[in-house]
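Per TrEMBL, these features apply:
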{"type": "COMPBIAS", "residues": "192-201", "note": "compositional bias 'Basic residues'"}
{"type": "DOMAIN", "residues": "302-413", "note": "domain 'Plastocyanin-like'"}
{"type": "DOMAIN", "residues": "599-701", "note": "domain 'Plastocyanin-like'"}
{"type": "REGION", "residues": "192-221", "note": "region 'Disordered'"}
{"type": "TRANSMEM", "residues": "6-31", "note": "transmembrane segment"}
{"type": "TRANSMEM", "residues": "52-82", "note": "transmembrane segment"}
{"type": "TRANSMEM", "residues": "88-109", "note": "transmembrane segment"}
{"type": "TRANSMEM", "residues": "137-160", "note": "transmembrane segment"}
{"type": "TRANSMEM", "residues": "166-186", "note": "transmembrane segment"}
{"type": "TRANSMEM", "residues": "228-249", "note": "transmembrane segment"}
Amino acid sequence: MTTSQLLAVDLVLSVLSAGAWITAVWLTVWLTASSTRSTTNRDMATSRAAGLGVLVVVAAVALTVARYAVLPALVAGSWWFASERTTINLPLTAIPAAWAALAGVPYLLRRRNTGSSLDGTKPPRPGRGKTAWSREWTVLAMVAAAASAVASLALTFILGPFPAPWSLAVLLSLMALTVLLAKLALFTPHRPSPRRLNRSKRGVEGGIAPGPEDRTSGPPPWGRRPTAAAAVAGLMACTAFGSGVFAWLGSRSADGAVIAAAVGHHEGGNATLADPTPVTSLLGESPANPVLRRYELTARVEQVTLPSGQRTEAWTFGSLPGPALEATLGEVMEVELKNRDVAAGVTLHWHGYDVPNAMDGVAGATQDAVMPGQSMTYRFTAAQAGTYWYHTHQDSAEGVRKGLYGAFVVHDPTVSRAEMDIVVAGHDLSGLGLLGSSDRKSMYSAAPGSSVRMRLINTDSLPQRYLVEGTSFRAVAVDGTEVNQPGEVSGKLVRLGAGGRVDIAFTMTDRPVALRSDSASSAVVVIAPSGVPGSGAAEMSVPGKAPTGVFNTTPVLDLLEYGKPLVGKKAGSDGVAITREEVVVLDRQFRFVNGIPRYAFTVNGAAYPLVPSIDVALGDTVKVTVVNRTADPHPMHPHGHHVQVLSRNGVVPTGSPLVLDTVDVLPGEVWELLLHADNPGIWMDHCHNLDHAAEGMMMLLKYQGVSSPFVHGGHSGNRPE
């Protein structure tokens, strides 16, 4: 089984064990209260209930033990999959479960064998002797086991992988309180009314033994049993609810939060809060007498009609995708952003491009959102060749989805360009799958023997798989970085996580070449050979949809094994002087997000903006371990930096060095990454499934001595997510 499947099994087992222990409590309370009355029918029912109780307790113990059996396999994947499950959950549930089994099974077996009495002839006198002690001990043991099982769920769904000591203290206190209140509710001596006392006294004087309802101690009479059992169930629910309240109080939305400067944490660090550098001053260096590339982008709301005839509302920069921006290495980009009427506000973020921090375009971190009628100019030097893209980073989950994105390509003048160079952005617009600007067939032509480069960009929030038909190809660049000695690929899919890019190249054949994506079932890009007799008919014969099941049966190209290693360069972290190590655990817990309690996507147990930042100093080399404990892929995107992949699930890359700006961490995976802190500022690091980011999966990479004057949320209106 995969680690992701093991995590799912553990979750199912935890829910089932909690349900089994709660059922055991209910049956034990029922049997305890039943001991006050004895009839033939009730004796038979009690015997059956006791037998069922034995089975339920055995099942509860088995389910609890099964959770422990999963732990070694989780630890084999990574300690971070089993950390709190081992150090907290195991003792939390094992001790009460053992107590309940040792106390409960013998008691229930005796009740099964003798009905409602221990000698088979008459019910015992409740509240006295060993019988009452055994009954009370058993019920409280069952309550403790059930409370611990519910607390285990609270640990998973609320407290998370890094629970604060005070939250654990609250959780344990709630468990103890549940057991105490169960004792008070079920075993406090019951005092009858004066009328019953008088009636009992008259009965004794007349030679009549008092009935169970007239006794002055023991469990409450049958008429109060439903209330008592319901009270116990409610108390156990309070264990989870109470811990949830405390956890939520500790994770309230920090609307209006100001990003403070990181302080020194290294030996010899001299950064202080007295004179932090504002992000607005981190503009980078501009070359003397630069060659300017000027562009103007105007954000607007408009109705767009796609080639299929479908019409929908979109937010655009004048086209869909936005205008393609191009530059040559060394040129200075100058892009003026205007907002005509997008009420949510807009910014420009340069995805994958290591711009100066002031130009990063993150509302609430490096700038305020550009509201309707406002404008802002972005200026930076084109210092990286490759395929990138731009998009809004204000209300980005909605803004990008609705169309505020476009391609950004920087060319290296020393490298010959392909004779045909096409950008294909895969996107989902209101449920309509696009390849480029079309949801149908897009036609191109190229001479046989000519070079073709297709720049694939995933501008969506979900992963995409691309199929090339009609030719083999080479994956020549990943996230803007050239691949060393790329080999020919045939019969494999190219998978792109959200925000990722892969450039493919091939030599045009004498037959049509088609590009398809599983995210756009009705769209296809076709390149037909020009000047070849009959090519027009062949071009039109290319079907509009992919063969059924092809995306499920075709293997995916593994980029960690693709290309060749650089000569003299070791894979992994050998020979690298690492100055810091960080662990980033991606998970889900109940948290406040924007003031609303949600089942959030969390980083190290918190939701943005309360996620602890990674604080670095200029020149640090940071090893970052990313652990995905959820059932969803998370394409983690650090702004302003690229990372080199050291390993995935403990396996180092065997192909070309893999340098990424968007790392697609699949469920149950562990990636080790190397980040060089060489671009000062305050940088976002978030999941590029932008819906996940909007639900809390964002954090900051902060350099010592850098601060931001901008405010997240509140009256500022800045919502980068």
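Using the three backbone atoms N, Cα and C, a Cβ is placed for every residue, glycine included.
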For the transmembrane segment (137-160), the distant same-chain contacts (Cβ-Cβ under 8 Å, at least six residues beyond its ends) come to 11, 14-15, 17-18, 20-22, 24-25, 28-29, 32, 57, 60, 64, 84, 88-89, 92-93, 95-97, 99-100, 102-104, 107-108, 167-168, 171-172, 174-175, 178-179, 182-183, 186-187, 232, 235-237, 239-240, 243-244, 247, 587-590, 599, 602, 604-606
Whole-number mean pLDDT, the domain 'Plastocyanin-like' (302-413), equals 97
Checked against DSSP, the composition of the domain 'Plastocyanin-like' (599-701) is 5 helix, 51 strand, 47 coil
